[in-house]
Amino acid sequence: MAALRASLLLSCALTAARAFNLDAERPAVYSGAEGSYFGFAVDFFAPDASSMFLLVGAPKANTSQSNVVEGGQVLQCNWNSNRNCQPIIFDSTGNRDFAPDDPLEFKSHQWFGASVRSKNDKILACAPLYHWRTETKQEREPVGTCYLFDGSKSVEYAPCRSTTIDADGQGFCQGGFSIDFTKGDRVLLGGPGSFYWQGQLISDRVAEILAKYDSKVYSTKYDDQLATRPASAAFDDSYLGYSVAVGDFSGDGIEDFVSGVPRAARTLGMVSIYNGKNMSSMYNFTGEQMAAYFGYSVATTDINGDDYTDLFIGAPLFMDRGSDGKLQEVGQVSICLQRASGGFQIAKLNGFEIFARFGSAIAPLGDLDQDGFNDIAVAAPYGGEDKRGLVYIYNGRATGLNAVPSRILEGQWAARTMPPSFGYSLKGATDVDKNGYPDLIVGAFGVDTAVLYRARPVIRVNAALEVNPTILNPENKACSLADVKVSCFKVKFCLKADGKGKLPNSLNFQVELLLDKLKQKGAIRRALFLHSKQPSHSKNMTITKGGKMNCEELDAFLRDESEFRDKLTPITIFMEYRLDYKTAVDATGLHPILNQFIPANMSRQAHILLDCGEDNICKPKLEVSVRSDQKKIYIGDDNPLTLIVTAENQGEGAYEAELFVIVPPQADFIGVVRNNEALARLSCAFKTENQTRMVVCDLGNPMKAGTKLLAGLRFSVHQQSEMDTSVKFDLQIRSSNLFDNLSPVAFYQVDLAISAAVEIRGVSSPDHIFLPIANWQPKENPETEDDIGPLVQHIYELRNNGPSAFSKVMMTLQWPYKYKNYTLLYIVQYDIDGPMNCTSDMEINPLKIKISAPKEDEKNETFSREDNRNHRISRRDLTAIEGDVQTLGCGNADCLKIVCQVGHLERGKSAILYLKSRLWTQTFMNKENQNHSYSLQSSASFNVIEFPYKNLSFEDIHNSTVVTTNITWGIQPQPMPVPVWVIILAVLAGLLLLAVLVLVMYRMGFFKRVRPPQEEQEREQLQPHENGEGTSEA
């Protein structure tokens, strides 16, 4: 239901701008005294065939009655330009008394004018809050009273002012709360407070009310009165008579009585229909939701033209669930269509805005647009902008009520001390200006306003548009355009106008013709009018109302085929007409309007003759295939990919044929292969439509039968995600042909693969240590690093050379720290650079040696620098003590193990492990270890555990390396000084070379200064042809 309401609201928004024949732009506005509630009730009044007025109730207006405050008025207003409103005097007396200082009645605040109805020259107006003091008790009772005016006199009609007093009788009747006239010259009065507020309907004949009136009689009994009687206590507080209407529901030609009972059935609400002959019950309609006030308003009219009266019931407090699932008060109108076979077909119409009180008032409008079906108005007096009020106009049709309003009237008055309540009262179905169309009055008592909307005469237009011929042969050039033969055709357009009601005899229309309408603005239109060489033509036409068709004919021509591409799409000839409203206005200033249910435009099509057989319909047979030599793409690499595409047409011509390549998000289009003579050089463009990336290539217009094209398209694939396993390209040929305009979709899929060149390398800094160390003395309990021995760093770098990234690598380091209970390399600390976490199987720096601050370049020593340093010293460069070199590694020494987990590493990135240690010099200074050379070796290995690409497999990737620090007993070689004679000889050679250079430059005039000429004749003359053979080529 919420979805239906939303769709109807959208429809309303669209149709509201399509103003139908109520003149909402120039309404007649009437204003009353501020605070008088002018507009609380409205009606039309026709005292004779030549007169028409508006009736407006103002129940809180002050009158000239003696000692009466806010007695209320009914005002009579002119509908034409003189919008003067004058009160009708129904009662000029003050309160009557039983005796002096013993009042009979209380007319102050009686709300006279709260209900008003008229029929011909008679007006019934009521004061439902009128009080009187009964003859037997001193209590005031709101029995209500009415006055019936017949043009010559006004008589009081107070059927509830009877001897049946108190709440259990008619003492709280509030007679006249709702009223109506029947066609049979009866009045119907609702009194919702009778019988403990069960409510009551009372009907009397107009003639008897007039005849039996006696100002001295307070309680009048009528012989032909029809009235409902009290029911059981279960019906208390039901409010029968809250709203009333009349209509024939028995088929006997006599109008029956309809009444809303909004609090009946435990507040579900009811509407009851009583027989117009004897007040017997005929039908009961029960609401479906508690407290919706079902029956707040009722109305009757034949909405579907089947000659059976239909019933409309308002429930302004009805709640429906919104899009969020919560209940919202939107209001509802029930449409009860009376069937010929008996019973009713019921439909529901929900409101569109919350708290708008949709259905508060319902008014039959008569046949507003003269289409043969009656229409209705439904008010939402607190809807719209700032709750100014809305009135929806619904049109009848053979199937019932059109659920989409044809017009929405909006209140234009801002709130004062209370909401404007525009639409609280409605009255239609009366032609106030005698133009053949019924009009509508809308009351807005919150701003003391009534508004008259007159219906505009509806013009029905019959239009015709013809094109001859409809098949345009570009080769048949029968017309001349500036001595050039062109292919031409004729455009004929006709208009005829008629309508009901008062319309001028001549109607002026502006007709607009447009050739090739479907081409967007700025595009080349393929056809032009011969006389103007333009695609559009305007014409003013005068049409006689009810006359014959008025026609005109124009020549148009087809442009040369070289001027446009689209030869397949039909050429649309479009005609639109508009009424000149200024020349059609009547004497009262009312404009007619075109029938909005008939489009004011039409179109025809012409086709260009194609080489497509006798039927002029081209049916191509399009095929596309694709291949590539590249079968695998490595993630992380900038992979060039060339697709070789074959496009064929084995059928008839394909117009505006294009190759569409859907580009996956992992790829970018580079261009077309142009360095291969075997491949066609297509014209291609990259486009994005609705977030779909595509390459569109032109294949010809037309792509003739038998065409076969071979082309190469270059892409770069480099934006793979972690979940991708392949890259897919979709290809299709599309044309503008009507039939068989698409080829089957071809696709090329290339698989993704992982490749990562991971390497590990290490370096020792320094790589040689020479013993003994000068001035070094061992300490039994070392406290600082220098107390232990010289610094030894091993640096390991794990580098990913790509192209693919990895997400997890395990690296294991083996470190020789003890041999035969002698400490070798004592690790002081280790540090990392990059996404790496490490743990060791033994405590680092267990002696808690104080760690010295690193030098500035100690940690940042690079591998390139380490490789280029002259650490490698051969044995012949050393004066070493002869002896074997003993290797101490994890094969013969105790090793500490460090395990590192390396995280995500992109191509070209590294993770580095810095191991800072001290050579335990005391070990090598022992006598048994002296005069020997040692090679201390640490090792590192890695294994790639995981890649971030979840759906791809990979091969085992691992490697290892060894870092060596050499310990040598001997004398460290010193660099030899350069001899003095070599230095002297080099200086002399440099001076000799400088002298030679100076001599050569002197000989060439380098040191000679060139001065500018002093005399005019010394200046060099400019030669005109010095720099070429003539200035004409410049």
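Using N, Cα and C of the backbone, Cβ positions are placed for all residues, glycine too.
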Disulphide pairing with C684 per Swiss-Prot - partner from C618, C697:
C697
What does Swiss-Prot give as the disulfide partner of C488, choosing from C479, C551?
C479
Cysteine from C890, C900 that Swiss-Prot links to C895 by a disulfide bond:
C890
With respect to Swiss-Prot, which of the residues N62, N741 bears the note N-linked glycosylation site?
N62
Which stretch does Swiss-Prot mark as motif 'GFFKR motif', out of 65-69, 725-729, 1005-1009?
1005-1009
For C85 (disulfide bond): intrachain residues, at least 6 apart, with Cβ closer than 8 Å:
Y30, G32, L54, V56, L75, Q76, C77, N78
Summarise the model's confidence over the repeat 'FG-GAP 6' (346-403) as a mean pLDDT value.
96
Kindly assign C618 (disulfide bond) to one of the three DSSP-derived states: helix, strand or coil.
coil
Pairwise Cα distance for C488 (disulfide bond)/C551 (disulfide bond) [Å, integer]:
20
Write out how many residues of the repeat 'FG-GAP 6' (346-403) are helix, how many strand and how many coil, based on DSSP.
3 helix, 27 strand, 28 coil
Using Cα positions only, nearest of the disulfide-bonded residues to C612 (disulfide bond) (C146, C684, C890):
C684
Using DSSP and three states only, what is C684 (disulfide bond)?
strand
Nearest by CA distance to C684 (disulfide bond): which of the disulfide-bonded residues is it, out of C126, C146, C479, C494, C895?
C479
DSSP three-state assignment for C77 (disulfide bond):
strand
